[in-house]
Structures are given as structure tokens and as C-alpha cells.
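> Would you mind keeping the following structure in view while I ask a few things?
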There are 2 protein chains.
Amino acid sequence: MKSEKISEAVVRRLPVYLRYLNELHAREVPTVSSQELGQKLDLNPAQIRKDLAYFGDFGRKGIGYDVSYLIEKIRHILKLDQQINVALIGAGNLGHALSNYNAYLQETMKIVAVFDSYEPKVGTKINTLTVKPMSDLAETIQAKGIRVGIITVPNTEAQHVADQLVEAGIEAILNFAPIILRTPPHVRVHTADFTTDLLSLAYYLEDGKELEVNEQLSE
Amino acid sequence: MKSEKISEAVVRRLPVYLRYLNELHAREVPTVSSQELGQKLDLNPAQIRKDLAYFGDFGRKGIGYDVSYLIEKIRHILKLDQQINVALIGAGNLGHALSNYNAYLQETMKIVAVFDSYEPKVGTKINTLTVKPMSDLAETIQAKGIRVGIITVPNTEAQHVADQLVEAGIEAILNFAPIILRTPPHVRVHTADFTTDLLSLAYYLEDGKELEVNEQLSE
């Protein structure tokens, strides 16, 4: 491995590669070229080769990448070769929707506990999990070795929930509330903001401002 | 404006700027510096100045950017100065959750119709909208001038729904199914994949591999 420091852009692309590689693996496809990856994922093949070269030179010219080996390698780099336990805070529609991804995420990250501050929700089931009260948060995070929290509460509650997660020793947060959370520097926050994906689509409407492939990768 | 071609990375950052600028505007803050924007949004101030310089030189040294003017300008660039109508396909938990964002998205993009192929869902209400059958899709898209479709159906149905949207003349799709859709080149697809945000968090756990700010922006 070249270095401890992999740029955020690369780290964000690795799960995208992984998703498609898992699809190939399920279809028992043994190898894949950077051309095919590029075409399927709408990325420049040269960029893909550059990304994967970070982790050693395991593509073979004319044959491509070994799918199983690449999956193993990417999972190792992303530290997904052991299960990471996740808590979901907010048992509303979005929380329900996300809990359905557990099957898809199996053996990588897993939602193992769900919390809600709204009393009538406590004790109800989300798939196989029983919704717990916020007063159980710290204890459950300790007991289950939960390292990541997903916040799907209303905007007005999101910062308070983040504070409780930080206090309980969580290491990273995926935030679905469209606000900017304040957290200490050792807690990494990613914001899953679908409005950004949606609003940026508008730019491409109507006069068909298509980007050149190399333009897309210039920043 | 410098050019018709703005890189995808910049187009993706503009809604992020817009969100924070709207927050400032609501708090009646008149101006903001690239330093403050950088700090709040976890971006390099130099990158922000570069992004905004695409659209003309409207930051003033020592004063910063005029919040209202910048909002207006970004909305214009993203073509959000008029409402864009959106259809939501899939009235499940995720569809319900997304429809709640209509208030947040007001005057930009608006979900004006919801569809579901599951008969018992048809005729039920999601907020103020009545769920319509898929057989009404083409006609409603025409009648309401809908240009964007959001897909929140199960993976197995997503491609079929995309085909129907394309046939009905939709111009862009936001896809929440974790699969790669095949669409003709004139239809832009963004994938809102929370699993990418979640899985990439794993990389930052434990040994605290923190990135340098300039590393984050290097690609």
C-alpha cells in the first residue's frame, strides 16, 4: 500500500466499485476490465486504474482485475473485513427505509439498535429490532460495541442527538438532517443529503449541458 | 459567466453552498467570507473562491460575499430560479420520508405527483398528494410538465420504472435503488446511495486516519 493517506474522493469511490464488484461476484464473473468498470460506473477508466493502483498493482493487462481478489482488497482497505455495528437514531419513515438496507450491507456495517425519543414509538418493531428509548443509548452503545450512529431525526433534534452520540463514545456519524452538525474533530461526520443530488440535477436539464468525461474528473 | 461547462464536482458543491447561504439569509446575516464557508462546510476556502469565481468576481476582499446576491446567482446557475416539477415513484417508507422535504425544497424542485404499482397503495395520501397508479404516469408527466423522476421502488422494479419514465419524456432521474440503471444518454441519472456514505465512514474509524484539507480536494 502506497500510503496511509488516501484522498477522500478515492475513499468515496471505493464503495461504488465494491457494489458493482459484488454484483459481478454474484453472477460468477471472474474478472473485469477498467474499461467495463468505467462504462458501468460512469467513470474514466484511467481514473479507476489510478485509484486501484493505490493499493498495489493487481490488474493484469488484457485480463483485467480478479473480481474476488479486488473485493477482498477493497473491503480490507475500507476496514470492512469485520462487521461494524451501527445505531440508528430516529424510527420514522426514513429510519424504517434505512433498516431495510441491513440485508444489503450484511457482513460489513450492520444496524444493531434503533432509538427514538418519541415514547409511543419505543417498544415497537423495525424489522427485527425493538425501538429503544434514548435513555438506553449510552449503555447500549457500550454493550454492543457500536461505533457508528445514523441520525434520521428532525432537524431541530439532530444536534442534540449528535451531542448524545459523541458523549456515548461514538466514532463516526452519518447525518440525514439537512443541517451542519457541530462535533469534535475526532468524530467524522458524513452528511447524506439527497437534496444536493436532486438540486444538482437541475443544472443538467433542458439545454443538455453535457460534460466531457475528463471534465467530470478535473476536480 | 466563464463558460458553459462547469465541472460536475462544482455543480455538486453549489447546492451545499446554497443550503448554508439560505441558513445565513434566514438569520439575516448579510455577508459571509470564504473562510467561514470553508469552516462550516469542511471545504478549503481557496477551493470555494475558485468555485464561485466561475460565475464572476463578486466577493469583496475584507467584506466577503453578499449572501442574498450569492443565493440569487447560484439559484440562477443551477436553473432553480423557477420551480421544477418532480414525480416520485414508490410510496413506501423512503417515498414518505422524501415527500417531507418538499417544504425544505420549496420554490426550487417540488414533488407534485406520487405513483405506486402496488394497488392497495393507490388512492392513499402522502402528505397532500394522492398516490396514483403507474398507468397514469405518462399522462400526468405531460399534464404537469414534470421533468424529474425520483425512484424509490425495490431494486427488482427500478429498471422497469426508469424505462417507463424515459418513455414518458422525463429528463433526469434521481435513483435510490442501489443498482446501476441503463438510460439513454440524454437522461441524466444521479444515484443517491447512502450505503456509499456509510461504507466510506468505516475507513476513518479507529486509527483516526485524518486527511489534510488539501488532500481532500486533490481529486
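Just so it is clear, glycine is given a Cβ too, placed from its N, Cα and C backbone atoms.
The feature DNA-binding region is assigned by TrEMBL to B:16-55. The annotation domain 'CoA-binding' is assigned in TrEMBL to B:79-180. Among the features that TrEMBL reports, NAD(+) binding site is placed at B:Gly90, B:Ala91, B:Gly92, B:Asn93, B:Leu94, B:Gly95.
Situate these features within the shown structure.
B:Asn93 (NAD(+) binding site) falls within a helical segment according to DSSP. Within the same chain, no residue at least 6 positions away from B:Asn93 (NAD(+) binding site) has a Cβ under 8 Å from its Cβ.
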> For B:Gly90 (NAD(+) binding site), just count the other CB atoms lying within 10 A of its CB, please.
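Looking across every protein chain shown, the total is 26.
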> Filter the binding-site residues B:Gly90, B:Ala91, B:Asn93, B:Leu94 down to the ones with a Cβ under 8 Å from chain A's Cβ atoms, keeping sequence order.
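Cβ contacts with A, in sequence order: B:Asn93, B:Leu94.
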> Once the chains shown are all counted, how many other Cβ atoms turn up within 10 Å of the Cβ of B:Gly92 (NAD(+) binding site)?
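Excluding its own Cβ, the number within 10 Å is 17.
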> Just to be sure I understand the packing, how many Cβ atoms besides its own are within 10 Å of the Cβ of B:Ala91 (NAD(+) binding site)?
24
> Around the C-beta of B:Leu94 (NAD(+) binding site), how many further C-beta atoms are within 10 angstroms, looking at every protein chain?
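That number is 25.
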> For the domain 'CoA-binding' (B:79-180), report the average pLDDT of the model, please.
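A mean pLDDT of 93 is what the predicted model shows over the domain 'CoA-binding' (B:79-180).
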